[in-house]
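Below: the structure, in structure tokens.
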Amino acid sequence: MACNEGGNIMKDMSGFIHIILQMALLLTISKILHFFLRRFGQPSAISQMLAGLLMGPSCLIHSPLYRHYIMPNINEDYLLSLATLGRMCFMFLIGLEIDLPYMFRSSRRAAIIAYGGALPCSVLAACFSPVIYYLTNAHGSRLTFALTLMLIFSNTASPILVRMSTELKLTTSEIGRIAISAALINDMSCLTIIAIISTGATATGGSDSLGFSDRATLGLIALALMTFVTLVTRPFVRWINHRNRHRHSIRNTEVVVILIFVFGVSVITEMLSYNSMMSCFLLGLMFPRDGGTQRTLVRKLSYPVNHVILPVYFGFIGMSTDLFVVFHARFFWTVVIVVCLNTFGKVLGTILATQYLQFPLHEGLVLGFLLNVKGHIDMIIITMARKNNIWGQDTFMVFLTTIMVSTFIAGPSSAFIVRRERRALKYMSMGLEFQKPDSEVRILACVHGPRELPTMVGLIEASRGTDPTKTPLAAYVMHLVRLTQKMATTMLYHQQEDHRMDDNDEDELGGDDARQINTAIDAFTMENGITVRQVTAVSAFSNMHEDVCNGAEDVRASIIILPFHKHQRVDGKMVLRHAPCTVGILVDRGLGTGPTAVASSSQVGAAHHNLVAALFFGGPDDREALAYASRIAVHPNISLTVVRFLPMRRGEYEAGIEMEASKDNEVLIAINNHEKEAQVDEEFLSRFYDRYVVTGMVSYVEKFVENGADTVTALSAMEGMYALYLVGKGGRGISPLTMGMSEWEDCPELGSIGDLLASSDFTTTGSVLVIQQHNKTNEGDLDEDFLML
């Protein structure tokens, strides 16, 4: 008996070693394939499926040497367990990272797209099911066959779609986020239908030994379990966050406990004969977005899930497929018909749905092909059909091949359309002036330390207005950390993914400053309900601008807000070039007393009333500043006053323009440009006046001045009246209203008005936000002086 136990142990060890060897080979082959395929824009999921296809019964398994040393047997149970583990982890990670406010806002559109794409697929499946039933030699109920086929046609694999969207750099775009939301709605709907069908399967003669009442009981137990877990998760996570409130990350033991809890719930759900995808996703959704728990789990799970576990999940689909089955003519044409009908129905339905929602045609095409990817739920459906004797092994393999082929078509097709429509789909900020008042504002606020944080998050809080559903906001805080020699050595040693965030190491990624920022933002999120995502940029000051610009492009920012350079502790200037959006420079005069002030009131947008002034002289930058001011004007605790500066005498004003322009011998061009800008200013102010001033939301004041000296006098009279001044950097052309003011500028990057408000001579206690509009015609070439830190 002892010998038998020893033999079993050796057999298990041998099987485990072969699994490790197969995983290593799968990852290696997929990396090699992706090295070549990525040049054609193909996502890594395609390479990983192809690697599984090569390793499975379709190719290498027929080699005696390979079968003897590498794959003595296809450990399907082990691989299935690993694939299930990968699916659990990935769905949990999706739940942790999903943008909940956006998902709720876009639920109607996402549902229309999801069900709009599924409806034609279901109709086509129902119509052609008799033909496919005959071609596949299926047996069993024709009605059940048709329902199963409708599910296969309609489903979208959200894990594969998320991965493809990430590699196509669509996850932060509108089309990428709506695709992910639609795929999740589709997945959850299909899982619900599968649960209902499996519950009633025995009533229609299924082979399951459980009766209807037993399955219904298990379903109620699963529902009670998820209800209990939902009620317990948030208090449990908040307790962990409170326990680690002064740490950047939670402890490793706590991470292990949480993962055991997640896997335990998933395993129990599977034991109850229900799929655990929904439970894992809901668990991730339940985690509070504030605190170190969510931040730590995302950081620790992202790399192993995306680079190890998920490739095994995708590779398992390929390894389960035997293409030799479809070499039979009847089965081959079945695959062709199913793939063509499936793709046609999904793309057509999605295009019709997106046209109803007034999406551009190319976005409808991309969504159509992305939503046609197949994966784990389809495998559950075809496995369940085989188990219930709806079809046999050959038919099972035929439909498994259609899953592979549909996904192969979806990846390259989406990549081709994205490349072809690169200019239309790429991130291009068009300035707040040209956006709808209810469009989403994406703010990237940069800080060097806790000192700048209170006013930055105050602006974020003020920018959300009264109703976040009507004025959607996506906020990011980028901590700019100067790269030191010691930090560089440490990062090289730990290689980033394994980089430890030890509390005793004050120099790692911002040290104590980073912990103070994390604590303050977590407290701010908990109090105000605004999710603020944190990004850390570690680089030398000489090239920190690249991190800021790349970060703005990655998050598709509408506006970058930078702290004024005089608050830096290091000499020198950092020039930000090629900013892809509007840029604001904040001169902070102490709106808050430190990072802890953020938790209670960040002054701007706090519980008491704040007076904000938007100064308008004319030009694109002032229009952009006023457009941003309109976003915060709807906040209940902010009173906005628009102060427009006008010439006292129009004739002398125009004469002054001609006099200034004549110095450069460009009189006609200057006058013509001035007239065009003046017309645009009037049209913009007219719309602003009707929307905000007439309704009583904003006060409007006109000040008449003759020259730069009068302007300085008028501004000096406003000292101490406002908590925040918004003004454009420049772009006013030749204006007598600011004539001579540039001669005594200390900081030309702020413009003449911003420099005056920021100067020590102007003893106001109000902060100043100087804004320069992004120039689409010269994308990325904002004035270098303006972009200095």
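Note: Cβ is positioned from N, Cα and C throughout, glycine not excepted.
Per TrEMBL, the feature domain 'Cation/H+ exchanger transmembrane' maps to 26-419. Annotation comment: TrEMBL describes 473-599 as domain 'Cation/H(+) antiporter central'. According to TrEMBL, the feature domain 'Cation/H(+) antiporter C-terminal' maps to 612-774. Marked as transmembrane segment by TrEMBL: 16-37, 49-66, 78-100, 112-136, 142-162, 174-197, 217-237, 308-325, 331-353, 365-384, 396-418.
Sequence-distant contacts of the transmembrane segment (365-384) (same chain, at least 6 residues past either end, Cβ-Cβ under 8 Å): 83, 87, 113-114, 117, 148, 151-152, 155-161, 164-165, 170, 175, 178-179, 182-183, 186-187, 190-191, 194, 197-198, 201, 275, 277, 313, 317, 320, 342-343, 346-351, 354, 359, 396, 399-400, 402-404, 406-407, 409-411, 413-414, 417-418, 421, 425. Tallying C-beta pairs under 8 angstroms between the transmembrane segment (174-197) and each of 49-66, 112-136, 308-325 places 112-136 first. Averaged across the domain 'Cation/H(+) antiporter central' (473-599), pLDDT for the predicted model comes to 67. Here the listed stretches are 49-66, 78-100, 142-162, and the one with the most C-beta pairs under 8 angstroms to the transmembrane segment (308-325) is 49-66. Two recorded stretches are said to be in contact when at least 3 C-beta pairs lie under 8 angstroms, sequence spacing 6 or more; the transmembrane segment (78-100) and the transmembrane segment (142-162) meet this definition.
Highest Cβ contact count with the transmembrane segment (112-136) among the listed stretches 49-66, 331-353, 396-418 falls to 331-353 (criterion: pairs under 8 Å). The stretches the transmembrane segment (331-353) and the transmembrane segment (142-162) meet in space: the count of Cβ pairs below 8 angstroms, excluding pairs fewer than 6 apart in sequence, reaches at least three.
If one looks beyond the transmembrane segment (142-162) by at least 6 residues along the same chain, the residues whose Cβ comes under 8 Å of a Cβ in the stretch are 45, 87, 90-91, 94, 114, 117-118, 121-122, 124-126, 129-130, 132-133, 171, 179-180, 182-184, 186-187, 190, 193-194, 197, 204, 310, 313-314, 341-342, 345-346, 370-378, 381-382, 384-385, 388, 390-391, 399, 402-403, 407. Long-range neighbours of the transmembrane segment (396-418) within the same chain, counting only residues 6 or more positions beyond its ends whose Cβ lies under 8 Å from a Cβ of the stretch, are 40-43, 45-46, 49, 53, 136, 152, 157, 160, 164, 168, 170, 317-318, 320-323, 325-326, 331, 334-335, 338-339, 342-343, 362, 365-366, 369-370, 372-375, 378-379, 382-383, 385-386, 425.
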